[in-house]
Amino acid sequence: MTIQLEGKKIQDQDQFIVPQTNAFGHNFRDYNNAQSERQKGVEKFYKTQHINQTYDFVKKMREDYTKLDKAKMSIWECCELLNDVVDDSDPDLDEPQIQHLLQSAEAIRKDYPNEDWLHLTALIHDLGKILVLPKFGGLPQWAVVGDTFPLGCSFDESNIHHKYFKENQDFNNSIYNTKNGIYYDFIGLENVMMSWGHDDYMYMVAKENGTTLPSAGLFIIRYHSFYPLHKYGAYKHLMNDEDEENLKWLHVFNKYDLYSKSKVHVNVEEVKPYYMSLIEKYFPAKLRW
């Protein structure tokens, strides 16, 4: 099977072996195993997220962060900041985020050696998690990480821990609680308000700073946590033709994003020169954040 996109090809890959269990010995994205304290913490996280991520909240966040006035630094400087970040919503890993980025990027690089834009996309896809750091607003984890979902329409039942949306003020809002809500079929995801977090923030940073990554790279950055869509096929009625094409690349990326998480660390200094060359190719030296 070969998928064409912007002159590139997506080849089925046999090299990447999907592990059966995560770093803790459990199934990946297992939100139903309540035996561990980490699993209980993940459910508590989603309860808080689902209650507080409202249309009005996201609108306010976007208005604030669109200013890109928090810092001026390079992509690699941002990568190094992630050494201080651990994602509380992730049941599969408790390692510093920089290792997850490099693990994903190196796994993709091995299987797709000619798609350097995809290697770089993997490296930077989670950089928006710096939002938890004081300099970037010190946002609570529920406003930074976790699965994302559209606001302004009904909450699809494929959303993890869906039951907690009943406490969200938008749940009973007649303007928002229908399948389309304020949108219409095939409107295009770029016109849909997504829950606020690291995905949308990093997309905003990349786009506004003039990255030359292809649209598929930006799509991956913005929607890689949108599991209701790329795992369960929910909300596809809101997608346009370009979204459909870019989703094919997101499906490729997601396997590496999810299953490359490991306790085995990548040697940062060894791979740094390669990724620095990609950063120079696709981004300015300094970015506004």
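The backbone N, Cα and C atoms fix where each Cβ goes, glycine too.
Summarising the annotation, TrEMBL assigns substrate binding site to ARG29, ASP87, ASP88, SER89, LYS129, GLY146, ASP147, HIS224, SER225. For LYS129 (substrate binding site), the Cβ neighbour count at a 10 Å cut-off comes to 28, with all displayed protein chains included.
The Fe cation binding site annotation in TrEMBL covers HIS100, HIS125, ASP126, HIS198, HIS224, ASP257. Shown in sequence order, SER104, ALA122, HIS125, HIS224 are the residues of the chain, 6+ apart in sequence, with a C-beta less than 8 angstroms from the C-beta of ASP257 (Fe cation binding site).
Same-chain residues with CB within 8 A of the center of the HIS100, HIS125, ASP126, HIS198, HIS224, ASP257 CB atoms, the Fe cation site residues themselves not counted, are LEU101, SER104, ALA122, LYS129, ASP199, SER225. Nearest to HIS198 (Fe cation binding site) in space, judged by Cα atoms and limited to the binding-site residues LYS129, ASP147, SER225, is LYS129. In the shown protein chains, 25 other C-beta atoms lie within 10 A of the C-beta of HIS125 (Fe cation binding site).
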